[in-house]
Amino acid sequence: MEVTCLLLLALIPFYCRGQGVYAPAQAQIVHAGQACVVKEDNISERVYTIREGDTLMLQCLVTGHPRPQVRWTKTAGSASDKFQETSVFNETLRIERIARTQGGRYYCKAENGVGVPAIKSIRVDVQYLDEPVLTVHQTVSDVRGNFYQEKTVFLRCTVNSNPPARFIWKRGSDTLSHSQDNGVDIYEPLYTQGETKVLKLKNLRPQDYASYTCQVSVRNVCGIPDKAITFRLTNTTAPPALKLSVNETLVVNPGENVTVQCLLTGGDPLPQLQWSHGPGPLPLGAVAQGGTLSIPSVQARDSGYYNCTATNNVGNPAKKTVNLLVRSMKNATFQITPDVIKESENIQLGQDLKLSCHVDAVPQEKVTYQWFKNGKPARMSKRLLVTRNDPELPAVTSSLELIDLHFSDYGTYLCMASFPGAPVPDLSVEVNISSETVPPTISVPKGRALVTVREGSPAELQCEVRGKPRPPVLWSRVDKEAALLPSGLPLEETPDGKLRLERVSRDMSGTYRCQTARYNGFNVRPREAQVQLNVQFPPEVEPSSQDVRQALGRPVLLRCSLLRGSPQRITSAVWRFKGQLLPPPPVVPAAEAPDHAELHLDAVTRDSSGSYECSVSNDVGSATCLFQVSAKAYSPEFYFDTPNPTRSHKLSKNYSYVLQWTQREPDAVDPVLNYRLSVRQLNQHNAVVKAIPVRRVEKGQLLEYILTDLRVPHSYEVRLTPYTTFGAGDMASRIIHYTEHNTCHFEDEKICGYTQDLTDNFDWTRQNALTQNPKRSPNTGPPTDISGTPEGYYMFIETSRPRELGDRARLVSPLYNASAKFYCVSFFYHMYGKHIGSLNLLVRSRNKGALDTHAWSLSGNKGNVWQQAHVPINPSGPFQIIFEGVRGSGYLGDIAIDDVTLKKGECPRKQMDPNKVVVMPSSGAPCQSSPQLWGPMAIFLLALQR
């Protein structure tokens with residue numbers, strides 16, 4: 001009967017762990033290492049302080065199943081709720097050489113489709129200290145009653161920094177303050193940009209002529225050193241003064257060489273001179289050397305304001321500006337204005353008529369105009385007037401007014417614009433006045449009101465203008481507010497009325513307006529018309545690609561839907577299976593053209609599984625929906641939240657790994673029968689393949705398999721493939737790494753980053769049986785470490801002289817970022833000797849200052865055995881653990897620790913008896929049995945026993 005029971009128990013599967021492990025995403029932001037801080041309480045999840053130019057590294061620790069996807073976004077500051085356009089999809093955010101503008105609030109968004117996304121944020125504070133700037137100002141008060149002048153000097157020191165800088169003023173090497181010198185005053189002015197401190201020298205004295213240093217400091221935050229600037233104040237210190245070698249407005253002809261000199265007339269220290277041009281940089285070829293600016297062969301585009309600035313940090317900068325005007329003329333236009341008083345739009349005998357002429361010129365006011373009629377200069381009379389600067393027209397416009405138009409006034413008028421005495425070509429424009437001179441009309445040619453073209457092709461929109469003269473045509477968009485033409489302009493002029501568009505796109509579709517211009521023609525109400533542009537483009541469909549899973553023998557409906565297109569209809573739909581054409585579906589009348597195409601499969605079989613392609617056309621182009629139809633199972637979903645999946649021991653060179661997963665959508669296809677597991681060491685070619693049989697797998701059910709005989713410290717690639725009656729399903733892979741889970745065996749001289757506390761009385765010592773002092777005290781301390789081998793190391797306190805009662809030795813762990821609510825500290829201790837004092841475990845919280853709290857304590861002789869303790873802790877923020885050994889009443893009081901482990905989660909509920917000897921774990925792989933089968937199995941065993 002015992003054999004039967006053992007056999008039945010061996011059949012219990014070890015892979016089931018329960019159901020419902022799908023969980024929403026949880027997230028927490030931690031930083032890599034300890035950030036540089038202004039105050040110690042800034043080491044928290046919410047604030048990260050970093051020096052400008054260093055590397056920012058933030059990690060978003062996530063839990064949840066399936067594995068959440070992480071997205072990093074940033075706002076300019078904590079008050080903004082808008083993400084920047086750029087995002088980083090990775091659990092670790094790394095920014096090399098961070099700049100001050102990259103400070104702000106960073107958001108980590110984790111989502112896995114279960115529940116609502118988890119969003120955490122952290123404020124990044126970038127620390128910096130720029131070079132300070134020192135300027136000097138002075139005031140002079142004339143006190144006539146006492147016949148003397150009082151001179152006050154202000155030294156202003158300004159710097160940009162984060163955190164705010166501290167200022168120290170020095171005269172020579174002596175630090176200045178209010179209390180030590182009544183002749184100085186130090187204060188912070190209001191309404192200044194950056195950090196500013198002013199040193200005021202009241203009623204300047206002879207001893208005030210000296211060297212002054214402004215030293216700025218951020219108190220070595222992030223290792224940023226102090227910076228300083230020095231200025232020597234003398235009785236000749238004065239602000240800069242300038243004069244120019246030319247007038248402030250300089251008019252030149254194109255092609256000339258221009259030289260402008262900016263001369264210093266004062267300033268101590270010697271001012272620095274700089275030339276600038278507005279708008280834009282200095283012209284190509286221009287040379288600014290000292291105070292001399294040279295522009296060879298100047299052109300019209302070089303016109304503008306040229307600024308000479310002198311600075312010596314005393315008073316305000318001196319500035320002189322030259323307005324360089326290069327003579328030029330362009331864009332000669334004319335206007336015909338019928339009798340305005342009679343509100344006429346036509347030229348009529350007996351009414352007044354005005355002809356206007358304008359050119360764009362530099363300088364505009366120097367342009368002169370001449371009018372000619374039929375080739376001869378127009379003569380002024382009572383009926384022919386020439387005026388300038390008509391208020392109803394652009395500035396510097398010449399107008400010729402004909403009063404009471406006669407037939408003899410018909411003819412050709414010419415307006416000529418010129419710069420007298422300048423080598424600039426004249427510009428002229430000609431206007432013909434006759435009975436045939438009529439205002440314009442505009443229309444769209446027949447058949448051109450709707451222009452239909454295909455996307456990517458050129459298009460031409462046309463409006464015809466009639467009249468004499470024919471003015472230009474202005475094009476604009478109608479159907480969109482403030483919409484721009486494809487050229488990027490709101491209006492575009494075409495002399496022939498045709499708007500030509502290259503490579504049109506779908507967003508160019510819409511209504512366009514053409515209208516007559518009010519220049520180079522009649523100055524009357526514009527005539528307008530409209531043209532509709534229809535850009536045809538191929539269809540867009542969904543799904544572009546879809547994975548369709550169904551159990552064998554079940555029907556499937558495939559649908560390819562039209563999202564958009566021009567024209568918005570399906571004219572043909574062609575289905576293919578594995579590249580082979582399928583029979584066409586029934587023809588649908590054009591009036592009932594659907595917005596989708598469908599294909600029905602009566603049953604999914606191995607033969608009908610494969611790639612289906614639906615090609616949809618709208619006579620302009622086509623688009624394709626792809627369907628991958630099969631009955632194969634979806635891929636497994638690895639479970640990444642397994643607590644402490646790595647299991648190892650310092651004696652063994654192997655480790656085991658608890659691999660857990662769920663099956664994605666197990667009910668979508670036939671039941672999973674088994675899994676094919678492939679394990680391959682990285683950088684190796686051979687893999688170990690095993691079959692894992694399973695029973696009915698339910699959605700959310702956590703499956704488990706323990707990988708054994710993995711070599712320390714190598715990593716492995718694990719591939720897992722589900723199998724159904726259809727065959728192999730989708731494979732999932734992941735990399736598993738050997739990790740100690742914050743277990744320290746003290747085998748390395750660096751002792752896992754633990755450090756000796758500098759405020760205690762003595763230190764912990766690392767040793768093994770081979771390095772023990774042969775003259776050590778007997779009857780205290782361990783003979784070996786927990787492994788029992790002479791090579792294994794441990795930490796202990798030596799309580800022999802000169803140690804005294806109550807002396808303390810503290811061993812401090814590295815700083816841990818709290819990424820879980822509960823932790824368990826497990827360790828082995830050895831407390832053997834009649835003078836044993838105490839062993840204490842403390843937790844140092846670094847959330848709001850350094851606060852040490854007692855978590856565990858044990859005193860007295862516990863025997864010559866290694867024993868294990870499990871101590872639960874729940875830190876609220878970043879923390880350290882501290883082992884404190886306290887010396888007892890004598891030298892037989894050595895205390896040792898080994899194998900310190902920090903694990904997430906709660907400690908084992910059943911605490912081990914402190915006096916119970918620990919049994920070393922075996923190297924075999926434990927099998928997890930299914931709790932669901934224990935009840936039925938127990939009943940079955942009882943029945944067999946009866």
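Placement of Cβ uses the backbone N, Cα and C atoms for every residue, glycine included.
Unlike curated entries, TrEMBL annotations are predicted automatically.
Because the structure is a prediction, the values reported are computed rather than measured.
Marked as compositional bias 'Polar residues' by TrEMBL: 770-779. The domain 'Ig-like' feature in TrEMBL is assigned to 24-123, 132-230, 240-323, 338-432, 440-532, 539-630. Annotation source TrEMBL lists domain 'Fibronectin type-III' at 642-742. The domain 'MAM' annotation in TrEMBL covers 742-909. According to TrEMBL, the feature region 'Disordered' maps to 770-789. Feature annotation from TrEMBL assigns signal peptide to 1-18.
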Under a Cβ pair cut-off of under 8 Å, which of the recorded stretches 132-230, 240-323, 338-432, 539-630 contacts the domain 'Ig-like' (440-532) most often? 338-432
Take the region 'Disordered' (770-789) and find every residue of the same chain, 6 or more past its ends, with a Cβ under 8 Å from one of its Cβ atoms. 649-651, 745-746, 796, 798-800, 828, 830, 832-836, 864, 866, 891-894, 896, 898-899, 918, 920
Give, as a single whole number between 0 and 100, the mean pLDDT over the domain 'Fibronectin type-III' (642-742). 90
Reported in the order helix, strand, coil, what are the DSSP residue counts of the domain 'Fibronectin type-III' (642-742)? 3 helix, 52 strand, 46 coil
Find the member of 132-230, 539-630, 642-742 that has more C-beta pairs under 8 Å to the domain 'Ig-like' (240-323) than any other listed stretch. 132-230
Tally of helix, strand and coil residues over the region 'Disordered' (770-789) according to DSSP? 0 helix, 0 strand, 20 coil
